[in-house]
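Encoded as structure tokens, the structure appears first; notes follow it.
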Amino acid sequence: MNRFDHAKTVLETLESYGFEAYFVGGSVRDYIMGREIHDVDVTTNARPETIKDLFQKTIDVGIEHGTVIVLIDDEPIEVTTYRTETTYTDYRRPDSVSFTTSLLEDLSRRDFTMNAIAMDKNMNIEDPFDGHIAIEEKRIETVGIADERFNEDALRMLRAVRFISQLEFNLTTETEDAIRKNVSLIKYVSIERIVKELKKLYEGKNVTEAKHALVNTNMYRHIPFFKTLSRTEIIETNAHSLIDEIVVQLIKDPSMSYANILKLSNNETKYIKNSLRLLDDARSNLESKRLAFKYSEDVIGNTVSLLELNPILDESLIKRIKDAKIEKQKLPIKNRSELEINGRILMEKLNKKGGPWLQTLLTKIEGEVIMGRLKNTEKDILEWVLNEQENNL
């Protein structure tokens, strides 16, 4: 079953009890465009309590706003009651919502015309705002007055720019002008929501045009980290992810702040730090084999790709990291656990208790094996260790 098939069960069940129900939002847009369908949302005139009564497995995720997750074969389908919204005093969420029985009223509160299309179980569309025409013409236009939509939720401005990259669409003049006029409202949006949109932007095919829009609307001046960059630095950088963008900018200026400002995950922060440490080690002329052993294949490979896209470093430095990428495949061991000896064996054979000496010795053994001067067998390693001890007496 595809995602619409699962959701169709929801539509059919609601209709069998006399309610209206439609697919709505991004899934309908993507269906019209022939894109891969991800999450399928449903809108209905049934109230949340009724939805919960009609389906065996449900999860409350935003019931105060009319949203219930319905599980069909463990596939989550978001079902939301038709609603209208009041003022948005915080530029992020409505002060209150009211349920309605009108599909038109529900669609009229949505962000862009391409996302304000409903589709029934037979794939017939309800499109009061001509969203399908906007899709055909690749236009990003708001439902109704753009100023009002962006004042309701300031994140919509960044979503519009994200769609430039993701869908390869263009802002209408009215949409672009309204973004430029209201862009300072971005400061009211949580950094978590901003980062989520930026990550999606960098996953698209048209990142360069989207970055031009960030600059041309002055939006970048209101986004943490980006506001410390110049227009040229943003546009001229080539990166396939937000994290790679950060790495490139930090290569240019290591003093920039990023982790706490953007609230990145520990893994993302670790990846960035390792990428920069790799460059520092390469600058210090650490042998390519040692670079290959010290850093993961992802860090080395992505750093090579970034440096090829952004020729901002000396060619000899780039070559050293490229050599490390090649050496990674040839290493006799990928990590310490692959050594044919361990600390316990060394303590037994040398009749010594553990201590700092053990880590030092294991590191030396690693180095000898990595550089190809020592075979990775217990016999060869012990012979080398005993020989080292004799020479150091």
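Glycine is no exception: its Cβ is also placed from the backbone N, Cα and C atoms.
No curator has checked TrEMBL annotations; they are predicted automatically.
For the CTP site, TrEMBL records G26, R29, D153, R156, R159, R162, and the single candidate of R47, R110, R180 listed with them is R110. Those residues noted as binding CTP (G26, R29, R110, D153, R156, R159, R162) have their most widely separated CA atoms at a distance of 21 Å. Under the DSSP three-state reduction, D41 (Mg(2+) binding site) is assigned to strand.
In this structure, R159 is the one among the binding-site residues R110, R159, R162 with the smallest number of other Cβ atoms inside 10 Å of its Cβ. Long-range Cβ proximity for D41 (Mg(2+) binding site), meaning a same-chain Cβ under 8 A and a gap of 6 or more residues, is found for F23, V24, G25, G26, S27, I77, E78, V79, T80. The separation of D39 (Mg(2+) binding site) from R29 (ATP binding site), Cα to Cα, is 12 Å.
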